[in-house]
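Quick look at what TrEMBL lists:
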- 12-29: transmembrane segment (TRANSMEM)
- 50-68: transmembrane segment (TRANSMEM)
- 80-97: transmembrane segment (TRANSMEM)
- 129-149: transmembrane segment (TRANSMEM)
- 191-211: transmembrane segment (TRANSMEM)
- 254-274: transmembrane segment (TRANSMEM)
- 294-313: transmembrane segment (TRANSMEM)
- 345-365: transmembrane segment (TRANSMEM)
- 371-390: transmembrane segment (TRANSMEM)
Amino acid sequence: MEAYRQLLKGSLQPFSTVTMVMFAVGLDVRSYRRNTGFHTSRISYFYQKLLFFLWLVYLIHVLATMVGSDVANQVGVNTILARKMPEIIAFLVWAVMMTRRKEVSILLYDIYHLGSVFNKEFRPLWVKLGALVCVLTSLLSWLSILLSYTEEECKSLLVYYNLNFEYTPDGEDCKIIHILNIFYQIATYTLQNAVAVLYVIICCFLSDLLNTHAKLGCKRMDNLSVKFEYNYIRNYLTVHESILKVLKSLEKTMSLPIFLIEICDCIGLFYGLVKLDSIERFSVPFSEVQYLKISFVSLRALASFLCVSFAASSVHEASKNTKDAQEGMLKRILVSKRMIDTREVFLLFVSHNGTPFALSAWGFFYFTKGVVLATAGSILTYSLLMLQIAR
């Protein structure tokens, strides 16, 4: 309870490491918790305003390079999508999260409050490792690109970024490109990774709460000397409904950003499979440096897709476990020889009669183990089909 009082005062933030990464790239979800008396400092306020402006500049530059360079040079649609879609999705994720930052902050508050009911604390290692992954992924992505450019490629790429204007001194092209790329990689991947990491941590925590709640019901059910009283059934289902309420809030708040991130991951997987198949046509030195870059893009997308999908699907599995526990309680009450209170039977029946809860990617598909594997198989099949058509 002491930790919970600290949370109310704003002195304790269980997600502070990940939320600070979000804050660093222009998303402040710290300022809207319920009745905490938390106030954003003036420096933080102006810092967020600056990043708001930089995000708009980022979008304008992405669209300008797409229209002024790609379209003007008649680049293929597939190439434009592979090159620009991750950047556009990064901006969309930021824009959606900005409009929902109050809901995200309240969601984090409610999750910690729910954990205090079960006397469960967040594992700091999860949050710290998640924040480290957010930073390292952007850094490694930049390093994989850093090793893949020659001076001539840097020069042509700089002309591309400068919208076909060339005004840099000779020999400085790669230095400027490396500086530009690190900002682009941070903008493109850091916030997406932070949102995905936060989503994975929340899903794992809530699925753990559901499994714990189901085990409590099964433990009481296995104890034949214990009777199921109406008050216990009511309290048990009240706690279950409070978990479902938080899950529904998570679904409403985060489903669209997760949908965008999953699209970006699928594009990364498809891009990697297509590029790795065609890389053998180039010279050996070029193939070696490009292989590192393309492999990293594909592996990052695969890891992100699987982590998000399986973490979200674990909620569905945990929800099925709670339904099984409720079914066992209902059977135990019905076969007991004592006087049956129709209220407790009706409560259990109504709760058990619903389908297990499943998170979704903005309603387009629901995260269950079967759907995750089917989606991965569909991406692989479609990629192989496109490779055969290209040949």
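For all residues, glycine too, the Cβ spot is worked out from N, Cα and C.
Bear in mind that the values here come from a model prediction, so they are computed numbers and not experimental data.
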Checklist entry - Who are the long-range neighbours of the transmembrane segment (50-68) in its own chain, taking Cβ under 8 Å and residues 6 or more past its ends? => result 25-26, 80, 84, 87-88, 91, 94, 98, 160-161, 163-164, 187
Next on the checklist: I'd like to know if the transmembrane segment (254-274) touches the transmembrane segment (371-390) in this structure, counting it as a touch only when three or more C-beta pairs sit under 8 Å and are separated by 6 or more positions.
Outcome noted: yes
Next on the checklist: With contact taken as 3 or more Cβ pairs under 8 angstroms (pairs 6 or more apart in sequence), are the transmembrane segment (294-313) and the transmembrane segment (191-211) in contact?
Outcome noted: yes
Checklist outcome for this item: Top stretch by Cβ pairs under 8 Å to the transmembrane segment (191-211) (candidates 12-29, 129-149, 254-274, 345-365) is 12-29
Item to check | Contacting positions for the transmembrane segment (254-274) when only residues 6+ beyond its ends and CB under 8 Å are counted | outcome: 81-82, 85-86, 89-90, 92-93, 96-97, 104, 107, 192, 195-196, 199, 202, 294-295, 297-302, 304-305, 308-309, 312, 359-364, 375, 379-380, 382-384, 386-387, 390
Item to check | Same-chain residues near the transmembrane segment (129-149), Cβ under 8 Å, at least 6 residues beyond its ends | outcome: 17-18, 20-21, 157, 174, 177-178, 181-182, 185-186, 188-190, 193-194, 197-198, 200-201, 289-290, 292-293, 296-297, 300
